[in-house]
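Student: Sharing a structure below in structure tokens format, with a few things to ask.
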Amino acid sequence: MSSGGLLLLLGLLTLWAELTPISGQDRPKFCNLAPESGRCRGHLRRIYYNPDSNKCEVFFYGGCGGNDNNFETRKKCRQTCGAPRKGRPT
């Protein structure tokens, strides 16, 4: 296969992975954890997956501690926990 064909295949696989939803069974267990601000006193805007709404939502993180349901972007939250894309991405 030519290098152009390989690049096309890689692009299609990447697109497919972005569009394929993660089922609740495949979702990492930490996606079901409540957001934790942690023990420090920072005020960092972060994203967590909310299993009740099936959305990636904003919370404020203190900067240390907390749990793994803590993402810098909605895109990373969606990729990890499988929430559908809604509204403007971060």
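Glycine too: its Cβ is placed from the backbone N, Cα and C atoms.
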Student: According to the record in Swiss-Prot, which candidate from C31, C56, C64 pairs with C40 in a disulphide?
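Tutor: That would be C64, the partner Swiss-Prot lists for C40.
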Student: Taking 10 A as the limit, how many CB atoms besides its own sit near the CB of C31 (disulfide bond)?
Tutor: 20
Student: So what sits near C77 (disulfide bond) in its own chain, CB-to-CB under 8 Å and at least six residues off in sequence?
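Tutor: The answer is I47, Y48, Y49, C56, F71, A83.
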